[in-house]
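Undergrad: Would you mind keeping the following structure in view while I ask a few things?
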Amino acid sequence: MAETKTVHSPLVTYASMLSLLSLCPPFVILLWYTMVHADGSVCQTWDYLKQHGLQGFINIWPRPTAIAWKIIACYAAFEAALQLLLPGKRVEGPVSPEGNRPVYKANGVAAYVVTLVTYLSLWWLGIFDPSIVYDHLGEIFSALIFGSFIFCVFLYIKGHLAPSSTDSGSCGNIIIDFYWGMELYPRIGKNFDIKVFTNCRFGMMSWAVLAVTYCIKQYEQNGKVADSMLVNTILMLVYVTKFFWWEAGYWNTMDIAHDRAGFYICWGCLVWVPSVYTSPGMYLVNHPVNLGLQLALSILAAGILSIYINYDCDRQRQEFRRTNGKCLVWGKAPSKIVASYKTTSGETKTSLLLTSGWWGLSRHFHYVPEILAAFFWTVPALFNHFLPYFYVIFLTILLFDRAKRDDDRCRSKYGKYWKLYCEKVRYRIVPGIY
Ligand code: NDP
């Protein structure tokens with residue numbers, strides 16, 4: 001059984017774990033409250049809390065209602081059914097630290113198309129009005145907060161009692177096990193991969209569904225959709241479409257191949273993605289800014305370019321790995337480092353590290369266009385309020401931390417070869433600066 005390792009010092013790890021566990025749930029509620037009921041103004045919410053104290057905060061926390069549970073249950077059951085039943089190519093994931101190779105069914109694009117077509121058809125045919133989701137958003141987030149916490153407890157117990165593979169184990173500390181997770185690839189039965197469900201089919205899919213919901217809500221409220229909302233919705237949908245187009249590639253990334261299924265990743269995908277990631281759109285519902293055609297198109301073009309570059313970085317790395325370096329990178333043979341490492345079972349394996357193309361500019365250049373894309377789908381809100389920009393700021397901190405975690409992990413995995421890579425490609429994220 002593999003042991004869980006933490007990359008930060010124990011003190012930082014505990015402090016960040018405990019503060020995230022206790023602060024994230026109330027933050028989600030305050031964010032929703034401010035966006036929907038306090039005009040997006042942090043000052044207004046602050047004044048309210050100053051006046052009414054803790055009891056005031058308890059009063060604004062919506063109770064999870066039956067309709068909220070029903071919406072979540074129908075959505076989750078629909079997504080789980082699509083994940084299990086839609087056809088898809090058999091795809092092998094990367095070799096795990098224990099030497100296992102998980103197998104997936106790549107049906108993400110089909111699930112994405114079926115979900116959006118079904119949702120829009122239900123609206124069009126008058127069977128279900130997406131505005132209901134917006135009107136019960138607080139209750140839905142509240143239900144998600146409690147439901148996902150219970151789900152993470154289930155993951156913890158499953159990790160102890162019935163792990164799905166040898167890529168699992170306890171570090172002996174209950175809080176770290178709960179927070180970072182115990183299993184790398186938990187499954188129900190042989191085929192239902194829990195992380196594909198939480199991260200992709202529930203979390204990322206909810207992003208697209210809520211983006212459409214916000215747009216429809218503004219239309220039903222005002223009889224039209226402002227160009228700022230259109231730019232925001234289109235960019236978020238392009239981003240999520242890119243995600244599902246590349247979903248099998250996502251199964252090779254840190255989230256799936258390295259981070260275990262615990263509170264950090266699963267609660268994040270089940271609650272944080274639907275609430276925080278979609279928050280610029282949530283704000284725009286009640287703030288229909290008119291940008292004018294030229295500005296709207298310029299922001300749209302800049303956002304699409306950023307999403308394309310981010311996609312191309314991921315594509316370049318994966319194409320390079322898939323072809324074993326026998327591909328062209330920016331029209332030339334790639335430069336590379338052949339790095340060997342040992343798996344936890346003691347086997348020696350090799351990986352190729354790409355040192356040209358996007359991956360020669362900096363070691364995590366792909367985070368630059370990721371942050372820019374988020375900025376471009378937020379900037380239609382202009383600068384009256386700070387809160388719509390929370391996601392961009394959060395993402396920047398997350399990705400800078402992630403780059404450090406990834407560097408540390410790769411350094412301990414590849415040793416001298418990683419050092420060589422760092423000498424060749426000196427900057428971590430922003431070429432010439434950091
Ligand atoms: P990746 O997993 O794609 O890349 C990191 C891994 O790639 C490393 O762990 C290493 O794995 C391998 N690697 C590192 N350097 C090289 C190299 N030079 N050549 C070949 N392989 C290399 O990173 P992320 O998971 O962080 O990002 C994937 C995508 O997800 C990005 O588009 C990112 O922007 C996006 N993302 C979005 C987030 C959001 O919240 N919106 C959060 C995080 C990511 P190995 O062990 O195989 O060598």
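Just so it is clear, glycine is given a Cβ too, placed from its N, Cα and C backbone atoms.
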Undergrad: Which is it, of 261-279, 413-431, that TrEMBL names as transmembrane segment?
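TA: It is 261-279 that TrEMBL describes as transmembrane segment.
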Undergrad: Are there residues at least six beyond either end of the transmembrane segment (196-216) with Cβ under 8 Å to its Cβ atoms? List them, or say none.
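TA: For the transmembrane segment (196-216), the list is 75-76, 79-80, 82-83, 104, 108, 111-112, 115-116, 119-120, 123, 130-131, 133-134, 151, 225, 229-230, 232-233, 236-237, 240-241, 243-244, 247, 250-251, 255-256, 261, 265-266, 268-270, 273-274, 277-278, 281-282, 284-285.
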Undergrad: Grab the same-chain neighbours of the transmembrane segment (291-311) for me: Cβ-Cβ under 8 Å, and only residues 6 or more beyond its ends, written as numbers and ranges.
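TA: Counting only partners 6 or more residues beyond its ends, the transmembrane segment (291-311) has Cβ contacts under 8 Å with 227-228, 230-231, 234-235, 238-239, 242, 245-246, 358, 366, 369-370, 372-373, 376-377, 379-380.
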Undergrad: With Cβ-Cβ distances below 8 Å as the criterion, list the same-chain residues six or more beyond the ends of the transmembrane segment (106-125) that contact it, or say none.
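TA: For the transmembrane segment (106-125), the far contacts come to 78-79, 82-83, 86-91, 200-201, 205, 208-209, 212, 216, 240-241, 244-245, 247-248.
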Undergrad: Would the transmembrane segment (261-279) count as touching the transmembrane segment (12-33), i.e. at least 3 C-beta pairs under 8 angstroms with sequence separation of 6+?
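TA: Yes, the stretches contact each other.
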